[in-house]
């Protein structure tokens with residue numbers, strides 16, 4: 001009996017299509033993304049809805065005045081009508097931001113931090129450079145490889161002239 005009651009409650013909860021959801025003891029409206037929304041974007045210049053959804057009394061009067069001849073509207077009234085419909089103008093949208101300074105600053109910070117880590121590693125983590133990197137050692141190793149005639153067809157020894165004891169030109 002208890003199991004059927006629990007399953008019926010779970011089923012009702014899962015099937016219900018209410019708009020309100022309960023969260024932390026209060027009712028929260030879920031956002032319906034199927035409805036048109038306002039966005040300021042250069043590539044989408046005319047949004048589906050106006051910027052201001054709930055008009056004040058003065059804005060409603062201005063909207064009524066808009067229905068008449070536009071030559072009777074002052075410049076400020078036209079700007080107010082524009083601001084009811086749009087949040088930003090194209091000039092305001094195209095205006096550069098200072099975000100690039102933050103990006104460049106953070107990139108330089110991380111590059112500098114990485115350089116400090118590399119300097120610290122070179123000083124304290126890595127040992128001395130091996131003796132096999134010394135020029136004399138490399139010369140002796142090269143001479144040994146030439147004496148052994150390593151890869152004589154296309155490789156290292158093919159570029160050495162054994163008669164003249166010099167590199168081929």
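Glycine is no exception: its Cβ is also placed from the backbone N, Cα and C atoms.
Swiss-Prot has this to say about the protein:
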| type | residues | note |
| --- | --- | --- |
| TRANSIT | 1-22 | transit peptide |
| TOPO_DOM | 23-98 | topological domain 'Mitochondrial matrix' |
| MOD_RES | 29 | N6-acetyllysine |
| MOD_RES | 29 | N6-succinyllysine |
| MOD_RES | 53 | N6-acetyllysine |
| MOD_RES | 56 | phosphoserine |
| MOD_RES | 58 | phosphoserine |
| MOD_RES | 60 | N6-acetyllysine |
| MOD_RES | 60 | N6-succinyllysine |
| MOD_RES | 67 | N6-acetyllysine |
| TRANSMEM | 99-124 | transmembrane segment |
| TOPO_DOM | 125-169 | topological domain 'Mitochondrial intermembrane' |
Stretch-averaged pLDDT - the topological domain 'Mitochondrial matrix' (23-98): 88
Rounded Cα separation (Å) that holds between residue 60 (N6-acetyllysine) and residue 53 (N6-acetyllysine): 11
For residue 56 (phosphoserine), the three-state class that DSSP assigns: coil
Residue 67 (N6-acetyllysine) versus residue 56 (phosphoserine) - Cα distance in angstrom: 17
Alpha-carbon spacing, residue 53 (N6-acetyllysine) to residue 29 (N6-acetyllysine), which is rounded to whole Å: 17
Other CB atoms within 10 A, centred on residue 29 (N6-acetyllysine): 8
C-beta crowding around residue 56 (phosphoserine), within 10 angstroms: 10
Tertiary neighbours of residue 67 (N6-acetyllysine) (same chain, Cβ under 8 Å, six or more apart): none
